[in-house]
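Colleague: Got a structure for you, questions after.
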Amino acid sequence: MHPYMMFFFFIALALGTSITAMSSHWLLAWMGLEINTLAILPLMAQHYHPRAVEATTKYFLTQATAAATLLFASLTNAWLTGQWDIQLMTHPVPTTLAIAALSMKLGLAPLHTWLPEVLQGLNLSTGLIISTWQKLAPFILLIQIPTANQQLLILLGVMSSLVGGWGGLNQTQLRKILAYSSIAHLGWMILILQFSPTLTLLSLITYLIMTTSAFLAFKYNNTTDINTLATSWAKAPLITATAPLLLLSLGGLPPMTGFLPKWLILQELTKQELPATAVFMALTALLSLYFYLRLSYAMTLTVTPNNLATTTPWRLNTPQTSMPLALFTLTAIFTLPMAPAIMALLNF
């Protein structure tokens with residue numbers, strides 16, 4: 001793709017998210033989501049491969065269905081209450097429809113089945129955009145919707161955490177593992193959304209940092225499955241030493257950065273008199289931690305087989321820049337010591 005065209009599509013992505021973030025009218029918010037969807041489609045299909053075309057088609061159909069449902073919910077709310085304002089959606093029927101539509105856009109369980117298949121058909125750069133930037137606009141809308149239906153959000157959060165941890169156990173493809181990781185992390189954010197939106201924002205920021213670091217590390221090593229992780233020691237020994245820290249941080253293992261939002265969410269759940277939910281979420285976090293430990297083991301404690309059908313990695317010089325990877329890695333590893341300052345800044 002021509003650099004000018006790629007720059008234009010990135011500008012359109014930023015414009016769509018900005019329109020959704022700054023709008024209080026449902027029609028403008030829906031328009032921003034549509035601009036986001038139309039801008040990402042050419043980036044997904046730029047590699048002329050059947051898997052990329054299939055992933056683009058699946059993504060388009062899913063996002064179109066979610067957008068149609070969201071527009072129907074906003075029209076129903078305007079018909080029932082006479083209001084187009086996002087924060088004045090008070091009727092339970094359009095509120096439930098809007099939450100379901102935004103959950104489909106985010107990939108929350110049980111509306112998650114498109115996300116692993118779409119990510120598997122894309123390269124790591126486009127998958128990074130799908131897993132990070134494309135989550136911002138639906139989350140902005142979810143935060144603004146009045147959370148009167150608490151049982152629905154708790155159900156979505158618990159199911160997403162369970163499906164995200166359970167689905168990633170038997171995977172060998174890194175992009176599918178990162179997709180199920182995204183589903184599990186989004187479940188934690190949705191669960192606490194109705195009780196502490198600030199804590200949801202903190203969880204979202206830490207998720208974006210850690211996921212970006214993981215995608216950049218895998219992209220730098222040009223690895224897409226667990227078997228090729230064993231060649232990382234020959235390509236980049238320093239990344240081989242730091243990537244397990246990133247993966248364990250994604251799993252929420254203390255004293256890594258990913259432990260911070262999970263610890264605060266469990267603490268908030270106990271304050272809201274939901275001890276059973278807190279225990280269940282802690283147990284589902286162990287499922288996610290297992291496949292992160294599996295990836296760490298494959299990267300650091302295994303040797304590549306002799307018959308691996310890949311290019312000899314230590315003979316090649318990579319043209320990639322390592323500055324973004326270094327910045328996000330340092331941020332993902334050393335954020336937890338700054339937790340008191342972050343909590344004071346966010347007025348916890």
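Glycine is treated like the rest: Cβ placed from N, Cα and C.
Curation does not apply to TrEMBL; its annotations are automatic.
So TrEMBL says this about it:
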SIGNAL    1-16  signal peptide
DOMAIN    23-287  domain 'NADH:quinone oxidoreductase/Mrp antiporter transmembrane'
TRANSMEM  60-80  transmembrane segment
TRANSMEM  92-115  transmembrane segment
TRANSMEM  151-170  transmembrane segment
TRANSMEM  177-195  transmembrane segment
TRANSMEM  201-221  transmembrane segment
TRANSMEM  233-254  transmembrane segment
TRANSMEM  274-293  transmembrane segment
DOMAIN    289-343  domain 'NADH dehydrogenase subunit 2 C-terminal'
TRANSMEM  325-346  transmembrane segment
Colleague: Looking only at the recorded stretches 92-115, 151-170, 233-254, 274-293, which one has the largest tally of CB-CB distances under 8 Å to the transmembrane segment (201-221)?
Modeller: 233-254
Colleague: Suppose you look only at the domain 'NADH dehydrogenase subunit 2 C-terminal' (289-343); what would the mean pLDDT be?
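Modeller: Average per-residue pLDDT within the domain 'NADH dehydrogenase subunit 2 C-terminal' (289-343): 69.
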